[in-house]
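Taken straight from Swiss-Prot:
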BINDING   D14, S64, D445, H446  Mn(2+) 2 binding site
ACT_SITE  S64  active site, phosphoserine intermediate
BINDING   H125, R155, D156, R187, R193, R264, A265, D266, R267, K337  substrate binding site
BINDING   D404, H408, H464  Mn(2+) 1 binding site
Amino acid sequence: MAQARRPLMLIILDGWGYREVEEGNAVLSAGTPNLDRLVKDYPWCLLEASGGAVGLPEGMMGNSEDGHLNIGAGRIVYQNLTRINISIRNGDFFKNPVFLNAISKVKANDSSLHLIGLVSCGGVHSYTPHLHALIKLAKEKGLKKVYIHAFLDGRDVPPKTALGDIKKLNEFCKEHGGAKIATVSGRYYAMDRDKRWDRTKLAYDVLTLGASQYKAPNAETAVSEAYGRGETDEFVKPTVITDHEEKPVATIRDKDSVIFFNFRADRARQLTWAFVKDDFDGFVREKRPKIYFVCMARYDEDLDLPVAFPHEELKNVLGEVLSKQGLTQLRIAETEKYAHVTFFLNGGEEKRYEGEDRCLIPSPKIATYDLKPEMSAYKITDEVVRRIQSGKYDVIVLNFANMDMVGHTGIFEAAVKAVEAVDKCIGRIVEALKEIGGVALITADHGNAEQMIDSKTGEPHTAHTSNPVRCIYFGNGEVKALKKGKLCDLAPTLLELIGIPKPQEMTGKSLLVKE
């Protein structure tokens, strides 16, 4: 068995981007004595965490899913966004048998096609050109009853982007076959991932029953009125669009086909479960239509659903390599990022490797995380210090969600507090490692909190950034420096630190400079 330092830690500070401009920079504005000391006393480098470096289109901001996939894979992983874009360009998208089957069922049943998902150019969960391609495909195949159920972003893009996006979408629909927007819902409701079923139910009910607190004659009015209520895009209450008789334009009914065009799994699962699971118990479904439900990508490997772009298996990811060497590993995070240190870090696979323990700390049950910027970081730290001291683990992977999740709120003061809370936790963890000769790489998956104000508009900036991220080596003096690199270089670096040869599938390179 390879000789392991006990333990070697990978600490991922979600949303901890690197930016030298101080204005709107919660990272630089915060008091961070522990991180400052580490930067001063230990080797560090910058890593690319966006665009082509993580398998996304050039210039596109990074995100947590893609970041953790690249970290765990040790190679650039070409993301669903890129794969789908290529299929549209080469025409394969319009021949996709899963889409064609959904359309053929609509024709056979004289029913409706419903396109549900996030209307956003953010490229994190969805991408508007993919919706455009589906609308074009429906027109090409002669469908007359095509309805869009628009989830609004305001998180991966500025908080009041939806009105302009909806206007453009309506114009596109008029030019390409007349698809109609039937409902709008903020992603806070339609894309919850923390089992806050009361939110998911509101989205489900507007889709299946046309039942909602608000209604509007068109989607633009729905968004405008939501702004008037003080709601930004993410928080727009589910709203049904009605016809001249004030009846819903469309609801999802028996024999309809539904295409969920989000390509990222974590925030698509709950609503999908509500539609398709026989044993669903999140809430009482007043109506459960019998439909043909298509997922753009694989949302849940336990569900036998048609998937337009199936998962591409990654072999010899970090967790698998460690397990093959007989090493013990721990993955620890709070709810908001638990999937990232497990599912995504393991190459998009649900399976747990032999020797892999997992620790989930519940995220606080509050409306928005600016109300509790520390989130569950202190509880995570209590637990991980105990696990470090146990001597059980060779490798520990930890994620602190604070800088990303609080950064998404756009509340600068809260983001500063989030950074400071994480810094306190880093101080405790480093001390625990020092006592037993442990080693750590401290890094991030993408930026966020370093840019809380939009430099062009002066408005709050709630999205991720395309800035690089730091990687700090904490340990003994054998590592003299770190080379600039990409997120995919982290796994090879960890393997070198622990004395394991890099598998041929890992094309990333070690960051270590030892001479």
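The backbone N, Cα and C atoms fix where each Cβ goes, glycine too.
Features recorded in Swiss-Prot, as mapped to the structure shown.
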{"residue": "D14", "record": "Mn(2+) 2 binding site", "contacts (Cβ under 8 Å, 6+ apart)": "S64, K337, H340, N399, F400, A401, N402, M403, D404, M405, A444, D445, H446, N448"}
{"residue": "H125", "record": "substrate binding site", "contacts (Cβ under 8 Å, 6+ apart)": "G117, L118, D156, R187, M191, N262, F263, R264, R267, A268"}
{"residue": "R193", "record": "substrate binding site", "contacts (Cβ under 8 Å, 6+ apart)": "D266, R267, R269, Q270, E336, A339"}
{"residue": "A265", "record": "substrate binding site", "contacts (Cβ under 8 Å, 6+ apart)": "E65, A297, R298, Y299, D300, F343, G348"}
{"residue": "H408", "record": "Mn(2+) 1 binding site", "contacts (Cβ under 8 Å, 6+ apart)": "R155, Y369, N448, T462, A463"}
{"residue": "H464", "record": "Mn(2+) 1 binding site", "contacts (Cβ under 8 Å, 6+ apart)": "G15, S50, M61, G62, N63, V124, D156, D404, H446, G447, N448"}
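Looking at the residues that bind substrate per the record, H125, R155, D156, R187, R193, R264, A265, D266, R267, K337, the two CA atoms farthest apart are separated by 17 Å.
Ranking the binding-site residues D156, D404, D445 by how many other Cβ atoms lie within 10 angstroms of each Cβ puts D156 at the bottom.
If you draw a 10 Å sphere around the CB of H446 (Mn(2+) 2 binding site), it holds 28 other CB atoms from the protein chains shown.
Cβ-based crowding with a 10 Å cutoff singles out S64 as the top-ranked of the binding-site residues S64, R267.
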